[in-house]
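Single-structure report; data block below.
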Amino acid sequence: MKRGGWLRLHAALVYGFLYLPIFLLVILSFNSSRTSAVWKGFTLDWYVRLFQNRLLWEAVTNSLIIAAATAVIATALGTAAALALHRRHIRGRIWIEGLLYAPLVLPDIVLGVGALVLFTALGISLGLGTILAAHVGTSISYVVLVLRARLSDMDERLEEAARDLGATPWQTLRHVTLPLLMPAIVAAILLSFTLSLDDFILSFFTAGPGSTTLPLRIYGMMKTGLTPEVNALSTIMVLVTGIATTVYLRLTENRI
């Protein structure tokens with residue numbers, strides 16, 4: 001087989017490994033059987049039951065609220081930290097960077113236990129607020145990493161030109177720096193949102209009564225038998241993600 005054929009085969013295997021489970025999940029969400037082993041016919045009953053499952057939708061709502069808040073707060077704080085570390089000479093900079101990047105290499109279970117011990121020692125009741133704090137604390141590291149990569153490639157002469165033309169530091173930041181950083185900021189928002197929405201371990205250790213997230217709810221459902229309602233929910237999430245990605249790419253293409 002020629003080299004081009006091997007490359008196409010390799011690409012097909014990789015894409016199959018990545019997307020075949022998602023394709024099967026979508027197909028099985030329309031299966032009338034409760035088990036995925038046997039196809040008994042097409043049905044929309046699982047979607048009807050999904051919208052009637054109050055506990056599952058409460059978990060979805062909690063996850064979306066936490067993920068959206070995490071994306072906004074972590075991106076704002078991470079962007080400020082990245083700008084400060086890139087532009088200013090700060091004493092103890094290496095130690096600050098070490099603390100910022102530590103969550104990237106520490107196991108999630110260590111971070112989860114540490115957060116639980118901290119909140120317990122401070123007498124803070126576990127709930128949505130503690131989950132949000134834990135998610136923000138870990139997501140900031142990813143935001144700083146993304147923003148600093150963009151800052152290192154950015155042409156600083158554009159900022160210098162703005163200052164030479166009489167722009168104040170705030171005007172330079174608002175009209176020059178932030179627009180240049182916007183692709184990285186959007187990427188950081190999406191990354192933080194996804195990491196928070198998908199997180200299980202930190203949420204497991206920092207959740208309290210009435211603050212169950214979607215991963216925790218699905219984990220609880222698995223103990224009593226996972227129903228195709230989860231397949232239906234996952235299909236809707238895949239559809240929404242696909243639409244949002246398509247719209248973003250179209251807007252970006254038109255802007256270019």
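Note that Cβ sites are derived from N, Cα and C of the backbone, with glycine treated the same way.
Annotations in TrEMBL come from automatic prediction, not curation.
Annotated domain 'ABC transmembrane type-1' per TrEMBL: 60-248, in sequence order. What TrEMBL records for 12-30, 64-86, 98-122, 128-147, 176-195, 232-251 is transmembrane segment.
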Mind checking which residues reach the transmembrane segment (176-195)? Cβ under 8 Å, same chain, six or more beyond either end.
67-68, 70-72, 74-75, 78-79, 83, 135, 138-139, 142-143, 146-147, 149-151, 154, 158-159, 162, 167, 248
Stretch-level contact, the transmembrane segment (232-251) and the transmembrane segment (64-86), CB cutoff 8 A, at least 3 pairs:
no
Residue list, the transmembrane segment (12-30) vs rest of chain: Cβ under 8 Å, 6 or more residues beyond ends.
36, 42-44, 46-47, 228, 231-232, 234-235, 238
